[in-house]
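Participant: Quick one: the structure is below, questions incoming.
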Amino acid sequence: MLARSRFILVLVVGALLAVLSFSLQYLHLIPTNPVAEQRSAGRSRKRVNPVLHTDPPAPDPIRDTHQYCNYPNLTEHGWEGHCPPDYKLLSVQVMIRHGDRFPLYSIPKTKKPTIDCILSEKRKPSHPLLASFISHMALGGRGHWDASLGSLPRLPSHSTCEMGELTQTGVVRQLKNGDHLRQAYISRHNLLAADWLPRQLWAETTGKSRTLQSGLAFLFGFLPHFDWSRLTVRQQWSTLFCGQSCDCPARNRYLDQEQRRQYRQRIADAELERTYVTMAKTLGVATKTLRAANPVDALLCHFCHGLPFPCSSTQTSSNAPDEGACLTLEHFAVIRRQQKDDELERREAGLYRRYAVLAAHPYLNRSAARLERIARGSQMRKSKEDAVFALASAHDVTMAPLLSALGLEGAGFPKFAARLVFELWSSPETKERRSDRKLDNMFIRVLYNGEDLTFDTAFCREHNRRSTQPLCPLGNFLSFVRKDMFSVVNATSYQQACHQTVL
Ligand SMILES: *[C@@H]1O[C@H](CO)[C@@H](O)[C@H](O)[C@H]1NC(C)=O
Ligand SMILES: *[C@@H]1O[C@H](CO)[C@@H](O)[C@H](O)[C@H]1NC(C)=O
Ligand SMILES: *[C@@H]1O[C@H](CO)[C@@H](O)[C@H](O)[C@H]1NC(C)=O
């Protein structure tokens, strides 16, 4: 009786959730999940399924773009910090992409979008931590800054944003993401105690203000009012976070090949070419000038901020301020559609994956080494000495290769403030294990934007979850990073792969 009514309750709740989630998605109140979509697409492709109408609908470039904007008014959900009972969280390594930013390029003969980059808790989007974040950043002189980071502004600070500057939208999203991980890792698992030691927190960023500021906003959400004197922020000189191991001739060769593929795909797209011609005519500039200005970057900013698309600023009597003189959502949709097509073709061609494996290795190798040290330290009951929390504040060009190298290409292009998380867990100890020098009781989880993708990764896809190990063994990850990942380029080590001849 009890079991039966519980079953009925589950059914009712399930049905309610289904209706709710459908209506929310339909009304675009919440974005549909790109990861889930991609995964189900992948599965249905594997199945031999002749019934066409069961395939997922064609992706809608505009709906996808709403996800890319990553509006801070959407509540953050995520499966970070979820694990079977009695497992212990030992370490978390996070890479984030910077939040919403002003364009890097401007469209010729148009006005730039008007966005105020001076933070104000009175303007939307806002956050309960925003005012204290602003005053805390003023004390940043007490922190330790690597290389050129000390001279960068710690807050966005122009009433008309500068090119590439982080916006308030970006700051608020990062505060929210940091707060979400604070609840997952600090409130629930006490990953860092209140008296955390400087060496337990590793923070690194590229030398751009938007990554530095994104990292600081994230950290402030994660550790509100953190003690500046305990914080050191390191600089990565390369957007690949490759440290001392950046030299890799083959990597550049694979990137060339991929870029040639991309170029061919683009010029073969007649609709895209027509659209560029129309847009250029609208603005009164040469088509190649417009194309070189990468208009999608600026249009994305207009789109994400709900601003009208730009119009030609040189109005002649013949094209007075009528609609014909402005760029439109239809133009934008064509460019976004082509970008989506390109993503699919990129995965199938496999050239990018080869580049990605070599681009992502140094970062993965450092993370793997750190996780292994922490795992061994924990087995030997040493106190937490290493960076139990590591944050890398990066770019789309950092994160995209990492996803590809891990076999997570289906996760799509990294949106603003995207986050990729590696969690290290140990299972409850048994007597035999205590003296064991192997890492049999150590496990890894991989999450992207809160979604648990561990069993989609190249190193744990084959793992039997119903075995005695419900999580992915850390050993799988270590051997993937040190050797297995190079099978994509027919090699067994980074050195070999980087220096072999690429035709
Ligand atoms: C969130 O903000 C965006 C942009 O400001 C807006 O388009 C969207 O409707 C908002 N969504 C909700 C649920 O408030
Ligand atoms: C990978 O990490 C190990 C330390 O675990 C280091 O000795 C090695 O040089 C690293 N390799 C690369 C290519 O970064
Ligand atoms: C790896 O070797 C296979 C078989 O010899 C070949 O088809 C493939 O093109 C090679 N891949 C690379 C990246 O060299």
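Glycine residues also receive a Cβ, built from the backbone N, Cα and C atoms like all the rest.
The active site, nucleophile annotation in Swiss-Prot covers H98. Under the heading active site, proton donor, Swiss-Prot lists D396, citing similarity to another entry as support. Residues or ranges marked as N-linked glycosylation site by Swiss-Prot on the basis of sequence analysis: N73, N365, N490. What Swiss-Prot lists as region 'Disordered' is 38-63. The topological domain 'Cytoplasmic' annotation in Swiss-Prot covers 1-6 and is backed by sequence analysis. Marked as topological domain 'Lumenal' by Swiss-Prot on the basis of sequence analysis: 28-503. The transmembrane segment feature in Swiss-Prot is assigned to 7-27.
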Participant: Identify which of the following recorded positions, namely N73, H98, N365, D396, N490, place a Cβ less than 6 Å away from any atom of ligand 3, and list them by sequence position.
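Facilitator: Near ligand 3, sequence order: N490.
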Participant: Among all chains shown, work out which of the glycosylation sites N73, N365, N490 has the most CB atoms within 10 A of its CB.
Facilitator: N365
Participant: What is the Cβ neighbour count of D396 (active site, proton donor) at a 10 Å cut-off, with all protein chains included?
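Facilitator: By my count, 15.
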Participant: What is the separation, in Å, between the Cα atoms of the residue listed as 'active site, nucleophile' and D396 (active site, proton donor)?
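Facilitator: Cα-Cα distance, the residue listed as 'active site, nucleophile' to D396 (active site, proton donor): 8 Å.
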Participant: Out of N73, H98, N365, D396, N490, which recorded positions lie by ligand 2, with a C-beta less than 6 Å from some atom of it?
Facilitator: N365
Participant: Out of the recorded positions I have (N73, H98, N365, D396, N490), which ones have their Cβ sitting under 6 Å from ligand 1?
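Facilitator: Near ligand 1, sequence order: N73.
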Participant: With every protein chain in view, what's the tally of Cβ atoms within 10 Å of the Cβ of H98 (active site, nucleophile), excluding that atom itself?
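Facilitator: I get 29 for this one.
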Participant: Which of the recorded positions N365, D396, N490 has its Cα closest in space to the Cα of N73 (N-linked glycosylation site)?
Facilitator: D396
Participant: Provide, as an integer number of angstrom, the distance between the C-alpha atoms of N490 (N-linked glycosylation site) and the residue listed as 'active site, proton donor'.
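Facilitator: So the alpha carbons of N490 (N-linked glycosylation site) and the residue listed as 'active site, proton donor' sit roughly 27 Å from each other.
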Participant: Measuring Cα to Cα, how many angstrom lie between N365 (N-linked glycosylation site) and D396 (active site, proton donor)?
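Facilitator: That separation, Cα to Cα, works out to 20 Å.
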Participant: Can you tell me the three-state DSSP label for the residue listed as 'active site, nucleophile'?
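Facilitator: Looking at the DSSP assignment, the residue listed as 'active site, nucleophile' belongs to neither helix nor strand, so coil.
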Participant: Helix, strand or coil by DSSP: which one applies to N490 (N-linked glycosylation site)?
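Facilitator: Once the DSSP labels are grouped into three classes, N490 (N-linked glycosylation site) ends up as coil.
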Participant: Does DSSP put N73 (N-linked glycosylation site) in a helix, in a strand, or in coil?
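Facilitator: Its secondary structure by DSSP: coil.
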